[in-house]
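Data block below; observations after.
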Amino acid sequence: MKVLSVLLLLCLGLISNQSFSQKNAPKVVVGIVVDQMCYDYLYRFYPQFGKDGFKRLMDKGTHFRNVTYNYVPTFTGPGHASIYTGTTPSNHGIVANEWFYRPFGREVNCVEDTTVSTVGSASSYGKCSPYFLRSNTITDQLKLTYPSSKVIGVSIKDRSAILPAGHLSDGSYWYDYATGNFITSTFYKKQLPQWVNRFNELLLVSKYVNQPWNLLKDSACYTYIQQDNSPYEGLVGGKTSPVFPYDFSKATPADQLSLFTIMPAANTFLTDFAIQALSNEQLGKHATTDFLTISYSTPDIAGHTFGPYSLEMEDMYFRLDQELARLFQTLDKQIGKGEYVVFLTADHAVVPVPQFLKDHQLPGGYLFLKDKIDALRTACVATFGKDYLNTIENDNVYLTNEILGSELEPQVISFFKTEISKWTEVKRVYTKGELETQTTENWQQMVASGYDKERSGELIFILQPGYLPKSSDTPGSHKGTSHGSAFNYDTHVPVLFYGKDILPQDVFTPYEIVDITATLVHILEVQRPNTTIGKPMLELFKTR
Ligand SMILES: [Zn+2]
């Protein structure tokens with residue numbers, strides 16, 4: 001396998017000097033993912049956006065207003081993989097951020113790779129690659145078709161830099177929590193490029209983290225100005241109340257490196273880096289289209305802590321808007337207006353804090369799993385004389401190896417289905433047999449699209465709308481929020497295209513997240529990647 005890939009790379013290298021260009025493709029495509037961005041943020045925050053950030057995409061680009069995720073679970077790894085492969089986890093194999101992996105007998109991270117090493121730090125945060133990604137990305141397809149094209153991926157999160165830029169990436173860079181550097185792995189290269197070293201030497205994190213996070217605008221610009229001290233927000237950095245300013249200058253250096261990633265300054269830091277990548281990697285200066293993938297992780301890190309209806313998230317987006325404007329202005333200058341295409345979307349959205357929903361007489365709540373799992377194990381022993389439950393992770397039920405393939409397996413699976421179906425917090429329970437069978441039921445289809453026989457459990461359940469799974473009932477478990485469900489609060493995300501040959505228009509046709517890659521295929525003039533199932537978003541090609 002390794003020999004083959006070396007040969008492939010050699011071939012790519014050999015033909016990369018040939019000069020040719022596509023018919024009508026842009027010089028650069030920039031893919032932007034805003035981690036955890038809900039569709040309605042575009043409208044909630046619109047009055048406070050400047051003219052050149054989100055508004056430029058909304059008013060001068062094509063806005064697909066009805067795009068949803070078509071599978072569960074709606075997590076970061078699966079989201080980025082689905083955007084860039086044009087298919088669902090059932091094909092690309094990224095079924096969660098972490099899952100129980102039977103061949104290793106332990107939990108794995110979706111981008112971990114113990115066979116590679118960190119480049120740019122002595123830490124282990126770089127032991128990553130797209131090893132678990134079973135499909136080609138649109139960026140892989142670009143490199144296969146046009147070897148002179150360059151693909152670069154950047155993000156704070158490893159998975160959000162790695163999965164979009166694919167297997168043939170010319171450089172995927174993510175944040176090292178041990179040093180504050182951008183790092184990569186030996187999967188990509190043996191040493192950091194000089195420009196990345198120079199960027200790291202600026203020590204921007206220590207500069208940014210010592211500047212307190214205050215409100216950007218006048219207090220009249222914020223809806224939640226009176227609710228800063230909210231009971232639904234988590235506490236960070238040793239604070240006793242979740243209120244502005246967020247000043248981490250007194251935190252230990254180690255704590256600062258992690259607290260930094262919740263601050264809007266981390267979006268600035270990533271934009272700084274993306275702009276450096278653009279010029280130093282000569283993006284837009286090659287014979288064929290280059291591709292830069294940027295994923296802003298901080299809106300998700302902060303979103304988990306503060307929830308969508310918080311003063312912190314308002315300010316987060318007002319500031320992110322400025323970073324987008326800076327990026328677009330740089331693209332205008334370096335690539336040229338009308339010479340590039342930008343698209344922006346999200347890897348999932350988010351549910352309002354369930355306790356907030358409950359307190360406002362809306363449906364929602366929590367599934368406290370620890371006690372439930374203990375009771376399940378006891379019931380299993382009472383029925384079969386033995387505990388056959390291995391673990392429950394991401395609402396997937398993994399049975400012990402001993403029972404898999406045995407004569408008793410169908411009875412044990414049926415037992416767990418019956419027992420878990422009794423939990424009032426649970427909406428549906430599906431067995432692997434059901435998930436491998438064709439169905440017209442919407443929820444079952446969505447779960448089946450997120451199912452992989454090697455990586456998923458023997459049963460998968462979904463919770464009722466507005467519910468989140470938690471380990472146990474503590475005061476902290478009622479603060480902050482998460483995502484992962486099949487419901488619209490998690491699945492409805494922004495999708496905007498802007499740039500070369502793209503008309504200003506709002507499109508209401510329903511599309512699915514897998515349609516983005518199927519559309520990029522025609523912007524880039526490449527074949528559909530191996531497992532892409534999406535359909536092109538035809539309205540985008542109106543002028544062509
Ligand atoms: Zn995410």
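Heads up, the Cβ atoms here are built off N, Cα and C, so glycines get one too.
Unlike curated entries, TrEMBL annotations are predicted automatically.
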Given that TrEMBL records Lys157, Asp158, Arg159 as binding substrate, the matching residue among Asn91, Asn97, Asn210, Asn214 is Asn97
Cβ packing number for Asp158 (substrate binding site), 10 Å threshold: 28
By Cβ count within 10 Å, point out the most packed of the recorded positions listed: Thr76, Asn97. Thr76
Taking every protein chain in this structure into account, which of the binding-site residues Lys157, Arg159 has the most other Cβ atoms within 10 Å of its Cβ? Arg159
Beyond Asn97, Lys157, Asp158, Arg159, what residues of that chain have CB atoms within 8 A of the centre of the substrate site's CB atoms? Thr76, Gly77, His80, Asn109, Cys110, Val111, Ser155, Ser160, Ile162, Leu163, Trp174
Thr76 (active site, phosphothreonine intermediate) to Asn97 (substrate binding site): how many Å between their Cα atoms? 7
Among the recorded positions Thr76, Asn97, Lys157, Asp158, Arg159, the ones with a Cβ under 6 Å from any atom of ligand 1 are Thr76
